[in-house]
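Reading through the structure tokens given below for one structure.
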Amino acid sequence: MQAAELELASPGISSARSPEDEEQAVRLEKADLVQPAALICRRLQKPLALPRGCDFLFSLPQTPKAEKATGRGEGRGSKKEELRVGKIMTTHTWRVWAIYMVLAAKLSEEQVLKQACPSCDATQLCNCSSMGLDFIPPGLTGKITVLNLAHNRIKHIRSQDLQQAVNLRALLLQFNEISLIDRDSFHSLGKLELLDLSNNSLAHLSPAWFGHLFSLQHLHLQGNSYRDLGKNSPFSSLSNLSSLYLGNPQFSTIRQGNFEGIELLDKLWIDGGNLSQYEPGSLKSIKKINHMIINLRNMSVFSAVVRDLLHSVTWLEVREIAFSILAEMQLLRVMSSSFAKKISFKQTLLIDATVPDIVSTLEDMPKLVEVELIDCRLLGTGRWKTQIQANQSQTARVLTIEKLSIEKFYLFTDLQAVEGLLSLLTKVTVVNTKVFLVPCRLSQHLLSLQYLDLSANLLGDQSLEHSACPGGWPSLQTLNLSQNSLSDLEMTGKSLSHLRNLILLDVSQNNFGEIPDVCEWPKNLKYLNLSSTQIPKLTTCIPSTLEVLDVSANNLREFGLQLPFLRELYLAKNQLKTLPGAAPIPNLVAMSVRRNKLNSFSREEFESFKKMELLDASDNNFICSCDFLSFIQQQAGVAQVLVGWPDKYVCDSPLAVRGAQVGAVHLSLMECHRSLVVSLACALVFVVILVLVAVGYKYHAVWYLRMTWAWLQAKRKPKRAPPKDICYDAFVSYSENDSDWVENIMVRELEQACPPFRLCLHKRDFVPGKWIVDNIIDSIEKSHKTLFVLSEHFVQSEWCKYELDFSHFRLFDENNDAAILVLLEPIQSKAIPKRFCKLRKIMNTKTYLEWPPEEEQQEMFWFNLKIALKS
């Protein structure tokens, strides 16, 4: 390695080395340098597209040793050849190192980017916000269109940081610590549309930063530390700019020429709370501004700014200014010449002394349509020392007052001074301002008023009756009284009943509780909002003329009102367990039963609403039964009607599918048709039993069972009774059809013999009341022999005397010699049923006595039978 290191340290100087050293150096260089570089090339050749840099690594000239090893060399070669190869390898080594360093750097950058911003991996949106970064991570590519680096600790944007992000559309760098930006940091961002550098530490703005941002539309620079915009315009090349946010607490100066190059802006926001120097004409270069937001405290600067914007601003929004010095009100008069259509005052201070001048100025504006006061303060009680001297504005139509703080609101006067200025207003909003009464005379002067919003105030039942006095609000169509102190729905309706044009009434978030059965309402009322009013039950107090009814968030358990014109019904957040009936509301188009206690609804309920277009039944606890799933999944058009389908429709039971979406649940056949499956199973069992009974009857299964039972009973008893217990010479087994021969002939012959034989007959000797099987077994055990009288009747009958047949098992299990067969008439052994297998066997293997019809032979028969009984 020392030789290789010397060669790398001074490649241009030849050192005195032997040929062996040269060869060793070549081997070391190949082993230590070529292999790792080749490995990196193999890993990165495809993504980095570097075939040239990598191909030469695999086509290096081989040493003579290598040639010999591969069979291509014919000899070792001369020392001169080895030196030549060594020099070639040295040149290649340097090239390998160069490629190696480039690829290692690329690999390192990609790894850093992936670690810093995991979301950047193969996505267009790269979110690296709030990760504690103090630099822009390297490795950004042209794939990224949105890069969010907000809320980090970045201080410096370098030239190369964003060089490869040529397709970037949005770059968010707000809330960092950026104080330094290189001149060409944004030069490659020709497609950038949004750049947010707000809330950093920029002490100045350089035109060079924005020189190549030809597509930029939104630029946010507020909240930095610059005091001015420089001597020239930083925005001269931003011809497509649409919104511009400027200013900070240190921002103090605006010069002429600072806005050169900007002609049209949709929104301009200047945070100039401490703006003290404004060169007249600075904003005059901008020909049109749709929405101008200016935060000023200096009245002189405000007047100069307004003068430059007289004809260019459509909506002027003034923030944090104090109209508290009467002497400064003359500076405000410049506004009377403004062509602005909307004026907004936010976080503004007013006093009784300055209100008349402000009102007069606004009334004189030639194109003013809308006035807003939002989150303002009024010090006073409305007792203005100077009268408002102004002509009624012929253009002003909209007045909005939100969250106006009047410390002594309870002392406020009836506003007689402005009564004559209100007749043309069509829309008035007074929200969250502690209004507890609208003077009747003021209401009567609002002749053109169509929309009135008095929500979030202190109106009660009595004050509403006074506010909506006869003759007041004659043209009113929409009235919002939500979040007040109303408690009597009947009185509320009666107070408003004279408003013939009233169409929409919102009295939500009041506390009505129970409502009466009869109420009086405006005749043309179509929209009524009674949500969150603590109503437990709806009555016919609700007007039948309604087209839209909202009774959400009450305690309703049912809905059955007859509303023939109703088109929209909102019943969310109640206690309903079923859908309302469709018959009382035949024209319903949209309904919300969200967050109730619905378990399901059927096809019939759904289809009963003939005109239904939208149904919001989401966030209920659905029981995913088979009928419900079948309807909801297969009914055509259900998905188009249900609002929030399928995400908001979740099964609550069965337990196995709880939490699953209704549309994704599929129950098994057993779960869906349990009763049918049980019925089929019962029917199948019945059929099987029936078949078994039929088969058993045909093949005498009962006989076999009874015989098996008898055999088991017999097995449990001793094999042979003691000699002292033998009572009979023979037990006679015969058919009832042969009883005449047995009882009249055989019994007389044997029992009258000398000595007589004792025979056991079932008719005569069985113990009454004892089970037949036990009688048979006991009789066989107490008999010396068993005598079978065989005939066609015996083997072909229905075998009604099964009890006699039970003896076969015991008999033939013990000893075949105990059986005596008497054939009363000729029969074939084949005619004997197969179940008498042992009887068939005995008849085939043993001799039996045959009753002779001739009298001369009968004497021999009786002799042989007696001999058999005695044996």
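Every residue number used here counts from 1 along the chain in the order it is shown.
Cβ from N, Cα, C; glycine included.
Heads up, TrEMBL stuff is auto-annotated, nobody curated it.
Checking the ranges 1-24, 49-72, 265-288, 529-552 against TrEMBL, the region 'Disordered' annotation falls on 1-24. Long-range neighbours of C541 (disulfide bond) (same chain, six or more residues apart, CB within less than 8 Å of its CB): L489, E490, G493, I515, P516, D517, V518, C519.
Here the Cβ of C519 (disulfide bond) has 18 other Cβ atoms within 10 Å, regardless of which shown protein chain they belong to. Taking a C-beta cut-off of under 8 Å and a sequence gap of six or more, C469 (disulfide bond) has these contacts in its own chain: C440, S443, Q444. Regional average pLDDT for the domain 'TIR' (726-869) in the model is 77. C120 (disulfide bond): 22 other CB atoms within 10 A of its CB, across all protein chains.
Of the disulfide-bonded residues C126, C440, C126 has the largest number of other Cβ atoms within 10 Å of its own Cβ.
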